[in-house]
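Per TrEMBL, these features apply:
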| type | residues | note |
| --- | --- | --- |
| BINDING | G401, F402, S403, G404, S405, G406, K407, S408 | ATP binding site |
| DOMAIN | 9-160 | domain 'ATP-sulfurylase PUA-like' |
| DOMAIN | 171-385 | domain 'Sulphate adenylyltransferase catalytic' |
| DOMAIN | 393-544 | domain 'APS kinase' |
Amino acid sequence: MYPQNLAPIPELYVSYDSAQKLKLEAAELFSHDLTPRQICDLELLMNGGFNPLKGFLSEDDYNSVVENMRLADGTLWPMPITLDVSEAFADSLEIGQDIALRDQEGVILGTMTVTDRWVPNKAREAEKVFGADEDAHPAVNYLHNKAGKVYLGGPVTGIQQPVHYDFRGRRDTPNELRALFRKLGWRKVVAFQTRNPLHRAHQELTFRAAKEAQANLLIHPVVGMTKPGDVDHFTRVRCYEAVLDKYPQSTTTMSLLNLAMRMAGPREAVWHGLIRKNHGCTHFIVGRDHAGPGKNSAGEDFYGPYDAQELFREHEAEIGIEMVDFKHMVYVQERAQYEPMDEIADKDDVTILNISGTELRRRLAEGLDIPEWFSFPEVVTELRKTRPPRSQQGFTVFFTGFSGSGKSTIANALMVKLMEMGGRPVTLLDGDIVRKNLSSELGFSKEHRDLNIRRIGYVASEITKNGGIAICAPIAPYATTRRAVREEIEQFGAFLEVHVATSLEECERRDRKGLYKLAREGKIKEFTGISDPYDVPETPELRVETENVEVDNCAHQVILKLESLGLITGQ
Ligand code: PPS
């Protein structure tokens, strides 16, 4: 075991009095409005969770972390913690200038002295840190499609913690946890990192891990940002609270970690270990495919199942925390208990039961039984509340295609068919209607089109979240914007992209609104298909041809697709 050090860890906050003064001074500075991910990073920078970092990485540290997993001075640090900003903001700054870092409501959380400004090689970062430069990896997608073009680096001065209104009593800084362990006399602490609800197998394996290490247990779930599509943290925390009661008294505690995960597998495991060391833990459970991002575009896992454990083991002494192997626990029906798979000697004589994550999601989505041997009734009840069967969830149908392709007509027919079925409110966000009401000031530049689509996406995501059906029918010519909208909506429900694949020639031949003629004559500029691009969707959920096909039939194809996905039930 590596020695436990519960002495207070350095934080980046100034004293209360200095913070009050600095806050007033900072109001005069240039401001950067932090993104949700940057707020998570800043919180852990300021409270020592990312110790020994003293701010957002400088260019030298960044290059060294990307290439060698180490800061420029050789200290192990696997993850680039960078402040990405727009070119315009970066250009407005001088090196050496202080900037205010504000949360999304404008509250100043800290300041940063800008010592470095550079344009990173994002493709290189993707390859080295995440192992592949492809958008199927959520962090690579973030890097290329969400993060600003320029990185700023420099030391941070902390003024105040980000404000959290939820589960306040369950959130602890590294120093608060260290103090708690000192107070309780917990000399050995096994940390369990998770972004998923806990079921009986997890309870069993974490309890065993703690027992084997003769240690106490810290359930340390991530509530910052996890993989898109995960169960929201409110639901998860209610589930964890129910599971906490199942451990023997005084052996286990739970604290919430406001980390923004990157799903970087092996590097992420090492990072998680360092963060837990900072929180006063001595042991850390690393599982199969730890922090794995799912499949790449070829349908394969990004990392090998034990890559994370291997990289962790290689650096264990330097991290200073002992790795505990995550045992694959399965339920043995005859003995009515969970056992580690590799310790079952009589495998051929007993019935081994297991439910995968995918199978669990299917059962929840379809409202099927979830057996008591698998999970705790309180957990299942919570999950059912947030994940009603698909046929009761909200969803979005997003039509895309050229002007005059028939999007609006099919969308209208679909709306009427869904209203006839009843059950959920249906809202049509047609291109023209939106441009009249929501986006009347916008034109057709790339910037304006993106803004228009993002507005539609935002409204559709709210509708989906609240259990309604949103039907969108804009041109939406840019694949990256459509993808961003998909991601926003998929947090709350299904997103069905329907490409109305009428050819440009046919749209022009129909020329319902006479716009193509004007576009050809140059009287309308930036006209999609004529003088402006259209990215044909590569893998839409559905592609409908409209030439020689009735509108009713096109709408019916969408209905059939919705049925096959379980989003509407057959009549
Ligand atoms: S976008 O790109 O998604 O923001 O476009 P959208 O909001 O769907 O608006 C498209 C409708 O605006 C009319 N129109 C143009 N379309 C494309 N390019 C240019 N320059 C343009 N100027 C006006 C056109 O009637 C589109 O309507 P639909 O219903 O698609 O035919």
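Cβ coordinates are placed from backbone N, Cα and C, and glycine is handled just like the others.
Keep in mind that this is a model prediction, so the values were computed, not measured.
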Secondary structure at F402 (ATP binding site) (DSSP, helix/strand/coil)? coil
Listed binding-site residues with Cβ under 6 Å from ligand 1, out of F402, S403, G406: S403
Given the ATP site G401, F402, S403, G404, S405, G406, K407, S408, its other Cβ neighbours within 8 Å of the Cβ centroid, in chain order, are I475, V500, T502, C507
Those residues of the chain, 6+ apart, with a Cβ under 8 Å from that of G404 (ATP binding site): T502, C507, E508, R510, D511, R512, K513, L515, Y516
Just to confirm: which same-chain residues, 6+ apart in sequence, have a Cβ under 8 Å from the Cβ of S405 (ATP binding site)? V500, A501, T502, C507, T546
Cβ atoms other than its own within 10 Å of the Cβ of G406 (ATP binding site), all chains, total 26
Of these binding-site residues, S403, S408, which scores lowest on Cβ atoms within 10 Å? S408
With every protein chain in view, how many other Cβ atoms are within 10 Å of the Cβ of F402 (ATP binding site)? 23
Model confidence over the domain 'ATP-sulfurylase PUA-like' (9-160), as mean pLDDT, sits at 97
Assigned element (helix, strand, coil) containing S408 (ATP binding site), judged by DSSP: helix
So if I measure Cβ to Cβ from K407 (ATP binding site) and keep only same-chain residues at least 6 apart in sequence, which ones fall under 8 Å? F399, T400, G401, D430, G431, A473, P474, I475, V500
